[in-house]
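Visitor: Pulled from Swiss-Prot, these are the listed features:
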ACT_SITE  Asp143  active site, proton acceptor
BINDING   Gly16, Arg78, Glu79, Gly118, Asn119, Gly120, Thr121  ATP binding site
BINDING   Asn119  Mg(2+) binding site
BINDING   Thr141, Ile142, Asp143, Arg178, Met185, Gly186, His187, Glu238, Arg282, Tyr288, Leu289, Gln290, Arg291  substrate binding site
COMPBIAS  77-94  compositional bias 'Basic and acidic residues'
REGION    74-94  region 'Disordered'
SITE      Gly120  site 'Important for substrate specificity'
Amino acid sequence: MKRPATRTFGILTSGGDCPGLNAAIRGVTKAAYWRYGMSIIGISHGYRGLIEGDARLLHPRDFDGILTRGGTILGTSREKPFKPDPGEKDSEAGSRKVEAIIENYHKLHLDCLVVLGGNGTHKTAYLLQQAGLNVIGLPKTIDNDIWGTDVTFGFHSAVDIATEAIDRLHSTAHAHNRVMVIEVMGHKAGWLALYAGIAGGGDIILIPEIPYDLAHIVHHLQTRQQRGKEFSIVVVAEGALSREESLMSKEERKKRRKKNRFPTKGYEVAHLIQEATGMETRVTVLGYLQRGGTPSPYDRLLATRFGTAAAELLYRGDYGKMVALRDGEVVAIPLGEVAEKLKTVPPDHPLIDTARAVGTCFGDGV
């Protein structure tokens with residue numbers, strides 16, 4: 001075997017945690033260490049650790065036995081080095097952070113930085129590449145909204161968790177003849193609500209990509225009741241928008257929600273349903289439950305595939321790429337193609353049609 005292009009690389013996890021991070025870390029590090037003989041520097045708490053120089057040499061004992069563990073052994077943060085901190089009027093703080101990252105990258109004698117994260121993480125990775133650093137990305141998020149990959153690790157585990165929650169809510173909704181509103185994550189993309197909503201038999205699914213009208217939701221619930229269905233399940237993505245909200249600017253929506261004083265979109269929808277129909281309505285917000293715990297077998301497999309593919313890129317010196325899954329094959333795509341792009345649910349996605357075919361309502365009157 002020829003000498004690897006990468007001798008030493010740093011690895012960090014950035015952004016929100018999700019199931020599969022440790023499996024991906026394990027995939028990268030085991031392949032890089034045992035197959036290619038590379039040295040690995042673990043960077044704590046995402047980009048913040050690289051700013052502060054919080055890093056250490058990893059040994060096999062560090063990445064053994066972590067395949068099934070949730071969270072991340074490296075810790076994470078939502079540090080965005082190219083953005084000024086809250087209260088900063090200019091970009092000086094951001095510039096200092098970027099300078100610190102570049103300085104510590106060289107102090108640690110890194111040939112490359114491997115980052116595991118979502119959209120913001122990969123945008124930063126691309127900017128660091130533009131600043132002269134070698135970077136490789138691995139896509140993780142339960143939202144499944146990273147452009148360029150068919151699926152991200154963490155997504156399927158979250159679908160499993162949300163679907164199980166919907167299954168459990170069916171029995172209590174049936175027992176009390178209630179409308180149960182369950183809110184799942186998905187601020188700008190409704191993949192999680194769509195997949196879990198269909199798998200869990202949701203009667204109504206509300207996602208950001210399809211603005212809803214309360215009148216259509218009410219009509220669907222009342223029609224179900226007239227047919228003898230005494231309970232209903234409404235699956236709401238946290239970023240779902242009413243038709244009225246979809247025509248507003250971001251700032252206008254913020255003001256409206258602040259005025260309404262509902263803690264989340266799920267509570268707003270539940271309140272409006274009960275007010276309009278008189279049906280007893282309850283809310284469950286899954287929140288961080290969706291991001292925690294043991295990754296599903298699918299996510300362990302996907303994260304391992306992504307990790308070993310990243311090790312291969314390190315070996316070849318094929319930097320500036322994000323590992324992705326396309327049509328069942330693991331590929332590498334340029335970071336520049338990924339940065340600042342979002343993968344949302346197309347309104348004509350086959351799963352939308354599947355859901356409509358079994359009578360699921362999206363609140364749009366179709």
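Cβ atoms here come from the backbone N, Cα and C positions, even for glycine.
Values in this document were obtained by computation on a predicted structure and should not be read as measured data.
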Visitor: Would you mind listing, in sequence order, the residues at least six apart from Thr121 (ATP binding site) in the same chain with a Cβ closer than 8 Å to its Cβ?
Guide: Ser14, Gly15, Gly46, Val115, Gly137
Visitor: Among the binding-site residues listed here (Met185, Leu289), identify the one with the smallest other-Cβ count within 10 Å.
Guide: Leu289
Visitor: What same-chain residues, at least 6 away in sequence, bring their CB to under 8 Å of the CB of Arg78 (ATP binding site)?
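Guide: The answer is Ser14, Gly15, Gly16, Gly46, Gly120.
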Visitor: Using C-alpha atoms, which one of the binding-site residues Glu79, Gly118, Asn119 comes nearest to Thr141 (substrate binding site)?
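Guide: Checked the binding-site residues Glu79, Gly118, Asn119; minimum Cα distance to Thr141 (substrate binding site) goes to Gly118.
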Visitor: Starting from Gly118 (ATP binding site), work out which of the recorded positions listed here (Asp143, Met185, His187, Arg282, Leu289, Arg291) have their Cα within 10 Å, and give them in sequence order.
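Guide: Qualifying among Asp143, Met185, His187, Arg282, Leu289, Arg291: Asp143.
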Visitor: Near Asn119 (ATP binding site), how many other Cβ atoms are within 10 Å of its Cβ?
Guide: 22
Visitor: Counting Cβ neighbours within 10 Å across all chains shown, tell me which of the binding-site residues His187, Arg282, Arg291 comes out on top.
Guide: Arg291
Visitor: Quick check: with Gly16, Arg78, Glu79, Gly118, Asn119, Gly120, Thr121 left out, which same-chain residues have Cβ atoms within 8 Å of the centroid of the ATP site Cβ atoms?
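Guide: Everything else in range on the chain: Ser14, Gly15, Gly46, Lys80, Gly117, Thr124.
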Visitor: Could you list the residues of the same chain, at least six apart in sequence, whose Cβ is under 8 A from the Cβ of Glu79 (ATP binding site)?
Guide: Ser14, His45, Gly46, Tyr47, Arg48, Ile51, Lys97
